């Protein structure tokens, strides 16, 4: 009411002033004064507010703006919206824009149109992009006011999540390894170095029991889709896997297949290059979400008394061009590692998988591998006939062959790693056919059968056992 009185009295004063001007000033001065008064009225804040309210009263539409930059920082919401709108109905758009985005697998196609219409839960919204004089862009979302609750409560969140999901799928996966702390700078980026991860492994080509493979895939699916579930039960969104088995049974290939299946980058953590628990914490907090953190040969990397194996520490130091001094020794403890796996620091980041591998399951401390830390124990054993058939399909494109029965019989009688089977099936040159590769495998299996048949029970005395193992190794060589 007060604003209306102010507006009315001000308007009456202006009319009185204009009538006086018309009587006193000549025509050309009256025109100049009229233009001045009009511009002055337009600049009055209460007139602007009145006009805005007047327009909003009759307009049923609401508008939300998303700027490219907020407080001099890039607005990630803008990027998610741009990705969502760019990917939406690109097959129907008449104008497309192609670009090579950093960390993307290839060219990214986006709509090059400033206006996009979208449908959501029976309502219609309109997106429009505007560019100011400085080149900064802004997305404006327009919708009917009856859709306000749907748009603000769920539609905007849906756009953000879809945009981020599309970004993740097109992002180039990376393989990280930690730098020695002597190479660290002030930025967290200096903690890790990386290369593009382009391993071709997949669960389709993985040589293992089909039921076990399905069990792992179901577990990965439950984890990747379990954000709300983990939040509901009050646990950090992470999963632990222990891969154990003899050398050559596919532990590293399994990790690569998991990464490709989930589209996660891999952090290969070398514990021998870390001096203490504080450095370990800095490294792990610098990892990204949607990633796999791998510690291979955990039984060799971490001595369960809290001390590192000196030989491996010295070897790592020399590889990094450093001397194996006392200061270079690593003192990462078991408790320090466990604190990050399931302690208070485990909540740092989300949607992360932690994988330990070992060739010697029996050497591991039960505290390290108990359920809840390593949620799933996956044994990767010697090659079975079912695994062989997958390898035969991968390498020779064979579903069946007359020699398969003999190979099946030999696999039951001897132990051979899938990697050794694959080596025999791989064609060495163009002249070797499938028959030749299978015969090479049969010969290798028969050779192993003879060696295993000649072996006696392994002695239990530690001194005799030492010489026994040396004898077996020389026999295999």
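The backbone N, Cα and C atoms fix where each Cβ goes, and this holds for glycine too.
The following features are taken from Swiss-Prot:
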SIGNAL    1-26  signal peptide
BINDING   245, 246, 247, 248, 249, 250, 251, 252  ATP binding site
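Taking the features listed in Swiss-Prot, we show where each one sits on the structure.
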| residue | record | contacts (Cβ under 8 Å, 6+ apart) |
| --- | --- | --- |
| 245 | ATP binding site | 251, 359, 379, 380, 381 |
| 246 | ATP binding site | 359, 381, 382, 415, 417 |
| 247 | ATP binding site | 359, 417, 419 |
| 248 | ATP binding site | 417, 418, 419, 420 |
| 249 | ATP binding site | 380, 381, 382, 417, 418, 419 |
| 250 | ATP binding site | 206, 207, 208, 380, 418, 419 |
| 252 | ATP binding site | 296, 357 |
Cβ-centroid neighbours of ATP site 245, 246, 247, 248, 249, 250, 251, 252, 8 Å, sequence order: 359, 380, 417, 418, 419
Cβ neighbour count within 10 Å of residue 251 (ATP binding site): 22
Helix, strand or coil at residue 247 (ATP binding site) [DSSP, three-state]: coil
